Amino acid sequence: MNSFRSVSSITLICLCWQILGSTASASTSLWGKKLVFIVPKCTWQLQPDVVLPALKELTVCTLLRRTVDTEWTGFDYRAPGGGRMRLGGTSKKLSVWLFDEEHSLKWGLKLNEWYSVCITWSGHARRLQIYINGSSEYEVSLNPLRNQQLAPNGTLTLGMSHIIMSGEVKPETGKDLLGEIGRFRMWAREWSAEELGGQSCADGDLVRWDLTQWKSNCFPELDNNLQCAWSRYKIKMWTSMVPSTEPGNCSKSLEEVTQNWLQSIFPDNISVQHIHVSSPSRACRVVNNSAALSAQQPQELRALSNSTCDKCFRCEVNANVTPAAEVEVVQASILSLLNSTFSYDFLNLTAYPNSISILPVAVALDTFFRVNLTLSMTGSPTKPEEVIEKWLKEQLEVNAMEVLNVIIKENVGRNMANGLMIFNSQPKLYNCTFNVQEYNVNTVAESIAFINATLRAKYVNNSIIIQTTEVAIKHIVPANCLEEKTSTIYGEYIWPESFPQENQKMGCNKPKSKRAFRLCKLDVETDTTSWADPDMKNCQQLVTISDLDNITVTTGNAAGVVDMIQDLIDVQLDDSESELSSSELDTVVDKLREVVHISSTTPAVGANIVNIVANILLSKTDLTPVAGIVLNLTDRMANNMDFPDESVSITAPLLALSLINVNRNKFSGLTFGVSSVSPTLNPEIFVNQNFESEPLPDTNATISLPSELYNYFPPGERNTTRIQFQFYASNELFQDPYTNNATQSSWKLNSFIVSASINNSMVRNLTDRVVVTLSHQTAIKPGDKVQCMFWDFPEEGGQGGWNSRGCKTHSISDYQTSCLCDHLTHFAVLLDVSRTPIGEADSQILTVISYLGCGISAIFLGITLLTYLSFEKLRRDYPSKILINLSAALLGLCMLFLLNSWLSSFSNYGLCIATAATLHYFLLASFTWMGLEAVHMYLALVKVFNIYVPSYILKFCAAGWGIPLVIVSLILAIDKDAYGSAGPIETAGMLKSTDQFCWLQNDVFFYVTVVAFVLLILLCNVSVFVVVLIQIRHMRTNKRSTSSPNSLQDLRAVASLTVLLGLTWSMGFFSFGPGKVAMMYLFSIFNSLQGFFVFLFHCLMKENVRKQWKIHLCCGRFRLSDYSDWSHSVTMGGKKNHLVNSDSVASDETSTNRKVSDSSTGSAPNHHQRA
């Protein structure tokens, strides 16, 4: 019985084929053919059953060749009720008529040449473009008052213009084409120039190049020059499946059965990409024409047997032909393969010939992937993120792919070891997330395999090595960006639906010749698309801030008003030096207040409002008059915001807002933290659903709410209460008139501001206090006082001011303070500036003086060393040798001080320790040699009797360089982390620097090895200085001088002693009280220029040094003889030995001052050094 039914079914199908014929056979394809328009007249009209819908955009492409020079028409579309589109021209111009408006090229198509003509139109974008041979030759913005929709159900003719008379199409005489037309197609969307270039052989989705859609009184002609090779095809057909024998297992899906069928009959160059099966039933739907096929409407029903395996279904198959072949050849080949019944297992599969449609289709939409990547990088590039992104693009953008939306973050948690920086030789880990856009060259599986293999390959470039450790690739299918109407300060625009990552363009309202752009952006984190902000830089602004006064805010336009305000602010405050006038600021704030009061806001609108406030804060605008209004409107906006989730966070430069709906019955405390690294970057928010007494790590501000707040939740039916947190990285909205008065105030804001509040509740007098931890903007120093305060709105007559009532201050470190407060509001930490050593301006000036002075000293110390080391006669005595060592120590100190900030900028932990330790060493060495200078001076000028000291200079060198080495080595052995980098600190010279600075960070080591050591040396040197002065006075009274005292020589001797003994460093210990700033300036000037003074007194002002310069460096009459009297006298004295003998009292020199000066400055007094 089943066999009989099967035979009957097959017989019935065969009869249907014979009756209906093959209307979709290869003979109906017009590909590779042309329409010839000659006399007598040949007419081609769209079939009446091919109905064109109402169109808001379209693309029309055709090939056209003129053979006779007459006025001509390429095509003409007329729709009842309005709407006409026509292509035509003359020998001198090509014209397109749209809605009875002519748009012309000022040149015509040459005779006997084929031209590709494409017309694209968008009613939304009000844009018309004409492409000739792939190049855009004409683009115009259409009149917005004109109709922007082509009416449906029109008539379309090729090669002639026509009119409708009594429902019949009648040609218009005198406008017929004498020539040829090929590949006429129409699509229901506006193609871009890039898309047109890639769809040259794709058939239209409205009008196809197939005889089934046209009615004509003549026949097309073959033309081998019009063949078009294409690779992508869509096959549509109705298929019957009946068992050939007793039915077996029919559990296989129709897709699988069809897949096996097509793979078996298709040759290797035709691959099946995708199969979609629809409308499976027991009765076959047989169609008689292409229109019905497109509409998927049943024309006849053919009953099958009652077997469960009997099926009739419609299938669509995407096939790829490799290599691309001529369309008509592929169509004929596939049709012939489908015309035979195929036996698969016990089933017979048959495609209805009259239902088969084989169309060359447009290249499929681009394929997108999201890639999550973890990699390690060895090396130390200055900008590792740029290196990684460049590597990604070099590796992937070679195979019809593009890398998009790259996000790279260093895996700090795994890169840090014990909180210390890692060394350059160790690899750093980075997490990368990005999208890949593939232009449909490969299948999804092939693309994933390529991406995976490419990223896993090791990359080596000089010292940089990149190795992927983890990679995850996901194929995503993002939706299009839907049509959107926007009202902007540049006018009203309707952006048409666009593909992901497509940059849509529209004509500006003014000027018409310019274009606006808007990207349909793919979000790498959510795999969704959304419209990016439009690029309107080419358009002229039509609305100003003053025009906002004429806008009435309603619930319907509130979001649009906020968008308009944001656009106006972006244009007005295009740089940090711009500002709003007081009237403009009032207008903006008033409109924002109206928006907030008129209705509830969405997170998107709230984010825009926060961005507006942030942009104003970043400008030079004075917000003081409206600060209270701004704080109130942001608070009200947050309380009235509607959002479906449990929480929402909004960030903008200088601002952060977090709203949390908490469950009354599950509330156990809440902690909010913010990290802000730059005023131009968005802060990062951290939320913990518990009370944390300690601050959250890596945050600038943390506020923890105790569980006792449950008692302050407002009663009501809802079981949730909103808690609001706000963070401000600017004090512009918190201008206390008292703290802003520099002459009266002793307090200065020293932290960011953080606040917490509960909707519709006033929280005060808490037993369990709120814990607020704030980082200092300026690190406090010993003796500094900080105070936790809150912003008291009623203060200063309602203007607001800082108040410490209800807050306890608990200092955590020099960089953080914790506040314990019994209420909720805005909190901050203020610094008592009356205790601050110097102001910011003075600090900057002192820093400049220090660096400039050290640079000058380094130069002249180098000259001093070069002089004494080059001229052997200058370094024969002990004072000169001591001076050489002192100059070397001071030169090392100056150079390390100058290079410190640069070396610390590398953020290399080992390098920073070495820099800090070396700087410490040269500082101690400099003071040690100052002390040894005092010892020598004491022995030479006070202990006048001979003292035998074996290896005198050698012992001095051992002490001068060895003692500092022992001290620094002990510190490194005990705790190498005592050295390191800090932010703005005070150096040993009490000079503030705003840069990173590598120095001794341990306070105990600092006070013992720096302060105590320097103080001890200075006390000894001061003592020697006093003793020497007394000795000078004693010599004067006991010995009559042959010449009168010279005050200038006395002053020079005292200054020289002061420089050598480093007595100017003692000013640092007297920098307090009213004269503090003056002493700091003197300290910086004299000590940074100590090296210059050494050169001045011991080179430039020394007669024997000047003579050596003249002997060796001068020429002609300025040069002295090497055998001068001075030269001979200084060589007298015999051999060096180990005695320090002071016969200066009985020397030939009669001036005591001269002897003291000579000893102190390193000259050779007229006493002997003998064995």
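Each Cβ is built from the backbone N, Cα and C atoms, and glycine gets one as well.
Feature annotations, courtesy of TrEMBL:
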SIGNAL    1-25  signal peptide
DOMAIN    679-837  domain 'GAIN-B'
DOMAIN    846-1102  domain 'G-protein coupled receptors family 2 profile 2'
TRANSMEM  848-871  transmembrane segment
TRANSMEM  883-902  transmembrane segment
TRANSMEM  908-932  transmembrane segment
TRANSMEM  952-974  transmembrane segment
TRANSMEM  1004-1030  transmembrane segment
TRANSMEM  1051-1072  transmembrane segment
TRANSMEM  1078-1100  transmembrane segment
COMPBIAS  1140-1150  compositional bias 'Polar residues'
COMPBIAS  1158-1171  compositional bias 'Polar residues'
Top partner of the transmembrane segment (952-974) among 883-902, 908-932, 1004-1030, 1051-1072, 1078-1100 - counted as Cβ pairs under 8 Å: 908-932
Region pair the transmembrane segment (1051-1072) / the transmembrane segment (908-932), three or more CB pairs under 8 Å: yes
Contact call for the transmembrane segment (883-902) against the transmembrane segment (1004-1030), three or more Cβ pairs under 8 Å: no
Ranked first among 848-871, 1004-1030, 1078-1100 for CB pairs under 8 angstroms with the transmembrane segment (908-932): 1004-1030
Model confidence over the domain 'G-protein coupled receptors family 2 profile 2' (846-1102) (mean pLDDT, whole number): 82
